[in-house]
Amino acid sequence: MIPKVLISVLLLLLGYAFWTLSVGYAPDTELNRTAAYYAANAESEVGAPNIVTGIIVTWRGLDTLGEVTVLFLTSAIIALVLSQSGGPSGVSGADFLPSGELLTTGARMLVPLIVLFGAYVIMNGHLTPGGGFQGGAILASGVLMALLAEPTRRFGHTAILRIESLSGSFYVLIGLAGMAIAGGFLDNGILPLGQFGTMLSAGAIPLISVLIGLKVGAEFSSILQSLHETEDA
Amino acid sequence: MTFEWIQVPYALATLFIILNYGLLMTAVVRKLAARVGGRPGIPVWQNYIDLVKNFALRSKINHGVMYYLGPVFRLSGGIGLILFVPTIYGSSWAQNFSFAGDLVLALYFIFFGTLGMALGAGESGHPHSAIGVSRGLAQVTTAELPMALAVYSLAIQYQTLSITEIVAAQQGGLFNWTLFTNPLAVVAAMFAFVGTMMRSPFDVVLAPQEIPIGPPTEYHSAYLALMQTNRAIFPIAKTIIYMNLFFGGAANWAEFAIKVFLLYMIPAVIGVVHPRFRVEQSIRFFLKWGLPVGILAILTV
Amino acid sequence: MSQIALTCGFILILAGLYGALTNRDILRMIVAFTVANTGVNIVLVAVGYLPGRTAPILDSAVPVAEAAQRIIDPVPQALVLTAIVIGLGITALMLAYAYRLFRLRHSLDISNFTELKW
Amino acid sequence: MVSPVLIIAIGLGTAFALGLLGSSRKTLQFGATLTALAAMSAISVIWLVALVTGAAQTAEIHTAGAVPPFAINLRVGIAEAALLATVTLTGLFAALSLRAQLLKLGRGGMAVLLVLIMAISGLVMTRDLFNVFVFIELIAIATAGLVLLSEDPRAVCAGFKFLVVGQIIAILLLVGIIFTYHANGSLNIDDIAATPVGVQGAALAMFLLLIALVIELKTFPANGWALDIYTSAHPGFSAVFSAATGSAALFIVDKVVAPAGAEWLPLLTGIGVLSFVASNVVALRQDNDRRLLGYSSVGQLGLVLAVIGQRDVLGEAYLYVAGGLILSHAVAKAGLFWMSAMVRGRNLDDWAAIRARAPMVLAFATFIAMLVGLPPFPGFYAKWDLAQALVAAGRLPVLALILLGVLIEAAYLFRWFGFAIKREAPEKGLSANMVDCGITFAAVIAGWALGWIWGAIPGQHNVLATLPMLAVLAFFALEPLPAKIKNVAAIGALLGWFTLVFGDYDPMRLIFAVVMIPGGAVILLASFTETGRRIGFYPSAMAMYAGLALLLEATTFFEFFAAWEIMTIGSYFLILRGKMSEPHALSYMLFSLGGAFALLAGFALASGGIQPFALNQLGTVGAELAPWVFVLLSIGFMTKTAAMGLHIWLPGAHAEAETDVSPMVSGILLKAGLFGLFLMLMELGRQSLWGVDLTVVLAWIGAISAFLGAVLSIFQEDAKRLLAYSSISQMGYALFGIALMNHLGWLLAMMFVINHYVYKSMLFLAVGGVYKRTHTKLMYQMGGLITLMPFTFVSVLVGIIAMSGVPPLSGFGGRWIFYNAIMDAGLRLPLILIFMAGPVGFLYLFRLIHTIFLGQLKDPHRQLKEAPVWLLVPQMIFVAFLIGFAVLPGMALQKVDGYIGSIFGDQPLVWSGRAIASEFGYWNPVAIMVVIAVIFVSVFLILIAKNHDAQKVKQFNIVFSAERPYRPETTHFAWNFFAPYRKALGFLEAPVVTSFWGGVTDGLNGTAEFTRRFYNGNGQSYAAHVLLFVVAVYLIAMGGVA
């Protein structure tokens, strides 16, 4: 009991700090200089109507690269953890109850749609809300559904591996290309900005989004798969 | 002062006088002690007899080099002590070799004989010698302390370390003696005097009962003869230092004889009427009584 | 408006932390942390919000010229995306660890994993 | 020149691309990983070189073709480049160290390692707050992954605890970042720093940001998680975790402090100092090597954090100091972790496995010296400059705490080193292999190189570049040669150096120089007895002599202090060589370091931060500071002369040292303290504090040391201990003489410098020779050796006569000068002790000679031979010198006398021919010698004439209470020789000082034991600790800042 009380006291004090933050908080009336700059130069610099995507992919591209890396790391490490953990080998789960007819059929019908939707979200990342991460997540959800529908089903690890490696490497290469022929590392100006607001515009953003989407999807899928393989009766 | 050859015969003469005086006086003192104890005592020429007998002894054994050298050290210490201290103040010939060094030399040369003899006795391998030495040394560390303090107080008083000058400063009447100009120092020094004259109550070192004649154990024949010689002159030498430092020195041999005799009698008398201290007792005694006086002496001067 | 969002966010954070620090069950701890993360994300977006403005997307509704006056701050939105992904990554990692720990000792009680100390 | 971004790109690209190589071809993948890391290292090293040489300017890298603050930008300046080099190289070596695991696990592990190094590099370079967060999370995740490489199953628990804490950090960090962004409208660090913060709550936001980053530094007490990782992770990774991650985290704090503003510095200082001291205290009770290293790492990070807190006062020295500390820490820690990969056992004394391998020992010593900040390594220079700056800014408490922390760290590190050198080496405790040794020695070389660089920086005095130090390095190279050759070389080196320098010394320096340099050579003659290679002896000895040589050469505070430390190190290794000397060497090291730190503080106080500060300017110190400088310096010097109260290291250290080492450390080393005292008093003169004349205090200390040292000495049964205590007594005399502050007093001290060197070296060599033969140092087990070892006996005899001051030998001269010196000195009470110390000294000396050489010979010793000739040679030289010096004291003293006269402006001694006269008395050494000789000879002749035919009798042929004893043991009166003295004055033996220092150490250990219970191993508690820490700091800081 004592620890609970102690923790509560600590958290109350921390809460006091937060409380001062939130009472002291006054929302800006004007965009601060950074945001204002983005708003003003979204068209001219990155040519992406969706400023958020512009920021993510270009201006703060390094964060995004890191982000992708986080997922990459996670999937790699999880693979490590589980490979070492002396759990049941991959072919477990054979004795699972087959998932219901409904789920199987639904999956058969939905997975293609989900994948399609994912692709759409990825491709339009620079125009509408969405982008590589969101799309990649959607793709992975398709994989998840497939896994749920057929517990015994296995995706080719190597295939996933190839995809994540390739997309990752390409991402880095594009970044370097930006350094070589454009303003700097991860500059999307390596391709022409094109017609503002159209599908094939905003320089390398769509391309990068695709790579991100593929990579994220692949990472999620491998994570899901690794976790899935740990299931045992 | 510098050295001339004539000083050698002078010194030898002094030495001769002091030796005979020492032999006689010690005998006299022993006789007196005996009489006090109601015994007839020894004839006054007994020391000469012993000396001759020991020199004449034919059986001689040797325990080793240091054993052999021990008495030599011992006697050299005694003789040296005499020769480094001027005996008669103002006398042209009894100044000995005091030009070699001052009071400090005399004080530290006292250890010369002690050390050598201790080493010699040590090599005899007789444990009693070692015990005697360890006791003697242990006792002397505190017994000499008041003396050192007294000397320091004296040196400050007269602003010199030269014995001759100290004596000179005391000339001209009884009340110029340190005894009256610096009584505390004298009292302190007398503690040391009584304590180092190897007489009761501080003679456990020689301890006739527990140890057959203490450090000199195993010594006999000429060895012992040398030691007896030393035992005759060494106390005189020490007494001379005390006489010079505290009692106005001696301007002639008569004064010398009287003063030395009286001074020598002090420990003798005390010895006759006192039982013996154990070493740690005497150590405590000197720390408790001698030391404070000494401290007062150096603080008040 | 944003005050409320902020407060909710903070409350979620505190609640999450409380759960994470008082539940000894590792899975519960992980869940609690996701709650806290959600709180953080809410705080993030709430900070970016400007009253009476619209999403930072330049289309017919928001011409480039007056974008600066019409849209809310896009930066926190960009940040929150990153934050979400990272949080997800860590959560997944913790889950994997939880599995490994369970394999190690067939227990999910955090207080059973204390042989490293002092 | 290639862009630093490539470091990130290569790291990531390779990590991603590894998947393409196919999971089966692991060696190929490993090769790729190594290549990538090598490339990254190469880039950073190229940049470092370019920036240092000025070939390149600080690089501002923009990404996304936009200018900051709108796009993330990176920067590579000198500091960044240096850190990048450290990080990438550590990564490269870590990959090698982890090769087995990586090859086993394949692509995943390698990718994670690559990403980790990439992320740390990114963290170093980036200038964007949120980007910092991303990299920190990357590092966290990668760490959680690499922890699993350990074969220790507990690593999993550690990793999870780490993740839990990581979550909390992430939350605080994000909240902090977003509100900072809201307050400043920018995420770019420089941008935020440039524009003043207006909005309310900005301070709190900054606080959350900072505290999160500070927790990343694993500050005490919020660091249980990190310690568990150190304990359980694979050392190859722990090296990265400590060296690379730690340094980068520090750098981030440094980056963020700039925008946060100076008002945060005191907070950082406080946290840093607390973390430094507390971690080191806790480490005292640690017996697992890796966890110990963990505590030490945490402590070091705390130290640097405290330094960051001083950036406002350090000025341009900031990079130099912080960099020196960080790099020393990084290199040393990495090296130690890599070594621990080779040591099989996890207990500290399992490191004894390395004792047989000299290079390993060298590496271990190097790393420990770097951590403690000893010369010639960067930490030493950094410590010096830091102290200067702190004192100049009046931040004495900070300095005091830091020095305390260093001392405690030294305590456990050197205890550990002692274990490694002295303990029983376990069976097959070492799994050495080419690669691990290779990387370890790469670290060693890096350490020395850094030492050189830090010294070579303009405005610094390069310790390594001095001739004596180069000689020491040369002796490292000579190690394979046999001892005899090295001995010749050593003697040659000493004499060569002396001929080089003696010309330009004043008489007083010259006396010290003669005692220390040629004197050392004479003692080295005794080393010819040693056979074999005697690995480690000569570098240590030469280091000590180099220190002494430089001490005499020193003209500035820094040079003096550096020399002092070098001397200490050398002598420590020398003393440690003794059989039983492990604990004594440790206490010697600790007292010496404590004293050295007192000196450091004293010098800093005196110079007030002005560098370089000439020694002879010491006199110009302001009147209000001078007494304190006096106190600090004299404490420092008196630890070396082992004055009462600071003496407890000496008896063991001198007694347990090797035969030829004891005279070095006793006869020579102690004089360094006297030299220092001379210099100090020459410049400072009398000082009084609160109306107390400090020189009088010194005199009292000297008198007490002289007396108690002698008293303790007479109660020793161990011959070398007896001599050691007598050294304390003798140094007490010298100290007293110096403290008299008059001409003759100083002459007396000089006399002691010479005499004590001669007779103490002589006696130690003699006793050492006896020990070599009898294999015991207990005097009551000896006896009657005079006939078997006549030469040794003679040297002891001469030695004790000289030492006791009995005429005619040279000791008497000392006494004579002493009496003349006290005549015109004001202080009389301490004299009582001195007067008593004299005869007491006579006691232990007699005991020494009697119980060893006289009395009864023991049965086991009947076949003994005289001591080895090479031990006798120096002794006979000393005997000759003593007699010569007794007759002609002028040859050494007259010049010094004149020199001292030039200081005091008086000339109390008149040297007429061979006779010496003062205003009080006179002294004619020649006459004394002649008279005594004549008397002695004539008496001797008389005896010969009578007893030439005395017959030599056998042992036991003595009258013994009417019995004839047969067992020498019962007849040799030796044990407890001065029983009556013990009865009367035994109470003086009470180990007051020892128990005092014992109490101090016990107190520290108790605190450590109590504090470490705090780390109960429960992940939740650790998380709670973090919260507690945050809240506590919040309550403290918000009081001050907001």
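Counting begins at 1 with the first residue displayed.
Each residue, glycine too, has its Cβ placed from N, Cα and C.
Taken straight from TrEMBL:
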DOMAIN    D:127-405  domain 'NADH:quinone oxidoreductase/Mrp antiporter transmembrane'
DOMAIN    D:556-833  domain 'NADH:quinone oxidoreductase/Mrp antiporter transmembrane'
TRANSMEM  D:6-22  transmembrane segment
TRANSMEM  D:34-56  transmembrane segment
TRANSMEM  D:132-150  transmembrane segment
TRANSMEM  D:162-181  transmembrane segment
TRANSMEM  D:193-215  transmembrane segment
TRANSMEM  D:264-285  transmembrane segment
TRANSMEM  D:398-418  transmembrane segment
TRANSMEM  D:460-478  transmembrane segment
TRANSMEM  D:535-552  transmembrane segment
TRANSMEM  D:628-649  transmembrane segment
TRANSMEM  D:746-771  transmembrane segment
TRANSMEM  D:783-805  transmembrane segment
- Query: Which residues, given as numbers and ranges, are at least 6 beyond the ends of the transmembrane segment (D:398-418) yet have a Cβ under 8 Å from it?
  - Reply: 269, 273, 276-277, 280-281, 283-284, 286, 289, 292, 296, 299, 303, 306, 310, 348, 351, 364-365, 368, 371-373, 383, 386-387, 390-391, 572, 576, 582-583, 585-586, 589-590, 593-594, 597, 600-601, 604, 1004
- Query: So which residues does the transmembrane segment (D:746-771) touch in its own chain, when a touch means Cβ under 8 Å and the partner is 6 or more beyond its ends?
  - Reply: 508, 511-512, 515, 519, 522-523, 526, 654, 658-660, 662-663, 666-668, 670-671, 674, 678, 719-720, 723, 726-727, 730-731, 733-735, 737-738, 740, 777, 782, 785, 789, 792, 795-796, 798-800, 802-803, 810-811, 813-814, 817-818, 821, 848, 852, 867-868, 871-872, 874-875, 878-879, 881-882, 885, 889, 892-893, 896-897, 900, 903-904, 909
- Message: With Cβ-Cβ distances below 8 Å as the criterion, list the same-chain residues six or more beyond the ends of the transmembrane segment (D:132-150) that contact it, or say none.
- Response: 98, 101-102, 105, 108-109, 112-113, 115-116, 118-120, 122-123, 126, 156, 158-159, 162-163, 166, 169-170, 173-174, 177, 216, 229, 232-234, 236-237, 240-241, 245, 248, 252, 255-256
- Message: Using Cβ atoms and a strict cutoff of less than 8 Å, what residues sit near the transmembrane segment (D:535-552) while being 6 or more residues removed from its termini?
- Response: 358, 361, 466, 468-469, 471-472, 475-476, 478-479, 483, 486-487, 489-490, 493-494, 497, 501, 505, 509, 512-513, 516-517, 520, 524, 527, 559-560, 562-571, 573-574, 577, 661, 664, 668-669, 672, 675
- For the transmembrane segment (D:6-22), the distant same-chain contacts (Cβ-Cβ under 8 Å, at least six residues beyond its ends) come to 28-29, 32-33, 35-36, 39-40, 43-44, 84, 88, 107, 110-112, 114-115, 117-118, 121-122, 125
- What residues in the same chain, six or more past the boundaries of the transmembrane segment (D:34-56), come closer than 8 Å to it by Cβ-Cβ distance? 1-2, 4, 6-7, 10-11, 13-14, 76-78, 81-82, 84-85, 87-89, 91-92, 95-96, 114, 117-118, 121
